[in-house]
Amino acid sequence: MASSPASAASEEEAVKAAKVLMVGAGGIGCELLKTLALSGFRDIHIIDLDTIEVSNLNRQFLFRQSHVGQSKAHVARDAVLKFRPNINITSYHANVKDAQFNVEFFKQFNVVLNGLDNLDARRHVNRLCLAAEVPLVESGTTGFLGQVTVHVKGKTECYECQPKPVPKSYPVCTITSTPSKFVHCIVWAKELLFAKMFGDKNQDNDLNVRSNESGTSKSDVFERNADEDLDQYARRIYDHVFGYNIEVALENEETWKNRRRPNPIYIRDTLPEEAIRQNGSSRDINNEQEEPSAMVSLGLRNPQEIWSLADNSRVFLEALKLFFEKREKEIGNLVFDKDDQLAVEFVTTAANIRASSFGIPLHSLFEAKGVAGNIVHAVATTNAIIAGLIVIEAIKVLHGDYKKYRMTYCLEHPSRKMLLMPIEPFEPNKSCYVCSETPLLLEVNTKTTKLREVIEKIIKSKLGMNLPLVMIGSTLVFEDGEGLEEDEAANYALNLEKVLAELPAPVVNDTKLTVEDFQQELSCSINIKHRDEFDEEKEPDGMVLSGWSAPVEKQVTSNGGNQSVASSSGADYADGIVEDISTKPGMKRKLDEVLELKENCDASSSAQVVEDDDDDDLVMLDENPKLAKKKRLQ
């Protein structure tokens with residue numbers, strides 16, 4: 001760690017002498033960079049891999065329309081230097097997980113400030129800060145909720161000391177431009193396309209409404225021409241959203257350098273003209289009196305069947321036409337409802353067609369209906385409040401007085417006239433495999449499980465290692481990363497396909513694995529316990545890892561126009577009891593009062609989860625004081 005500036009004559013001098021690393025230049029990051037600059041910080045480094053999207057402009061105030069497509073980190077730097085030209089801001093348009101940002105890089109800073117939106121990157125930064133012994137200030141917002149936590153090696157818990165929710169929420173830039181999962185397509189179909197077609201026409205929408213078709217007289221391609229028949233209108237919408245818009249996206253070559261390029265889909269390629277003319281001709285007579293249904297009209301009866309691209313296209317066109325034929329008076333006021341059969345059909349088929357374009361597996365109507373959920377919109381004020389709290393904690397860190405550190409939660413509704421809830425940090429979790437190096441226990445069938453499965457399901461997925469090295473005693477059985485000799489790489493590849501008991505150093509009951517990630521400077525031990533059988537429903541991985549903080553599925557949220565899908569699980573924290581609720585010197589409130597305040601914020605325990613690498617203002621609330629047994633920091 002760089003030499004502490006706390007020895008400076010005053011707080012002001014300490015701030016001026018500090019070297020700060022910011023990770024993330026999105027919703028929180030814009031507010032944070034501005035606040036740091038105006039608070040007297042003079043040496044700031046920013047890392048962000050994202051580029052600016054139109055949807056960012058309503059809350060990431062350092063960006064303008066002319067900046068769309070440019071690096072967030074670089075533009076944020078330039079914007080702040082215009083009103084603080086005498087400070088030093090270094091920007092990196094890169095992934096914080098890149099090799100250049102190693103432990104030595106982190107050691108030059110006095111404090112690291114996170115404004116990230118995905119669990120993987122957060123864990124990576126946490127581990128680098130631990131290895132470099134640099135304090136970390138974490139943060140997150142979702143709607144009106146927010147949090148700031150301080151993590152200092154040996155004094156407070158690290159970011160991974162307690163369970164984190166499974167990330168499941170997605171920024172709008174991913175939704176509109178680079179979907180990689182079916183849920184991205186569902187969100188696009190529900191929150192963008194359905195809303196544009198049938199919702200409030202005055203509401204902001206991120207869909208491209210301009211067409212290159214000379215025959216379209218209106219500036220908004222979604223407006224139906226007076227002389228346009230319904231079939232022609234439906235086909236035009238199909239070609240615009242699934243064909244032309246994809247072609248427009250493909251023009252940005254930078255986006256597709258490291259991603260699979262999507263395929264534009266036009267109706268002429270999916271359905272022959274005869275099939276289009278016959279679409280809906282098999283409408284069930286009884287359907288005229290019942291709730292309109294596109295699948296019933298087309299003779300499709302099984303909602304659990306995965307339809308072909310052609311069938312999805314037929315249902316999409318039919319659903320669109322039925323809205324105008326049967327429910328025209330509702331158009332302009334419709335909001336997606338998972339109990340609205342026609343709405344579910346429209347969203348499901350639109351999502352499947354888009355998924356087909358991006359090479360994503362299609363889903364059934366039954367599966368798609370289960371994905372849809374609640375939305376939490378971004379609040380720029382929350383980002384500003386959290387950014388201010390980050391700076392306050394950063395200044396405390398620079399002075400090295402850990403007794404003044406606070407974890408602060410921002411609530412949606414005042415409780416006892418309070419919106420901010422500060423509590424003392426907790427001490428490190430002695431069973432944390434990251435900061436306490438406690439051995440883990442893996443129950444696995446060593447006679448049937450391959451090394452590849454352990455690496456993918458346990459070491460990379462659960463433990464979050466990027467470039468793992470696996471040793472059994474003194475025998476190296478696997479290493480990931482660049483610089484390997486050909487024969488070494490080939491040998492490790494062979495080991496991946498071997499079952500554990502057949503490795504060069506056999507893994508059997510009571511074998512001890514040593515797993516390391518040199519990039520993160522993290523090492524942990526895994527004790528093996530052989531087990532013959534596993535419950536396929538309760539233990540789908542075919543192995544069970546003990547001694548780590550298992551993630552907990554929570555409701556999915558979105559932040560800042562970043563629509564997302566909710567999927568609330570019934571997960572409960574059976575042992576979520578705080579052992580010590582006594583009042584400590586310097587405490588703002590008793591812990592039991594704090595917990596009561598937390599419970600009064602009805603969304604604080606359910607709207608917690610996010611995931612995506614693209615938009616830093618979509619972040620997670622994951623530190624709940626009731627989550628686990630902890631002792632107060634002494």
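Glycine too: its Cβ is placed from the backbone N, Cα and C atoms.
Note that TrEMBL annotation is computational and uncurated.
A quick note: this is a predicted structure, and the numbers were derived from the prediction, not measured.
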TrEMBL annotation (region 'Disordered') - matching range among 140-172, 206-238, 536-568, 602-634: 602-634
Check: same-chain CB within 8 A of Zn(2+) site center, minus Cys158, Cys161, Cys432, Cys435: Leu130, Glu157, Tyr159, Glu160, Pro428, Asn429, Val434, Ser436
Entry from the binding-site residues list Asp117, Asp120 having the most other CB atoms no farther than 10 A: Asp117
Fewest other C-beta atoms within 10 angstroms, as judged across Cys158, Cys161, Cys173, Cys432, Cys435, which are the recorded positions: Cys432
Fewest Cβ neighbours within 10 Å, where candidates are the binding-site residues Gly24, Gly27: Gly24
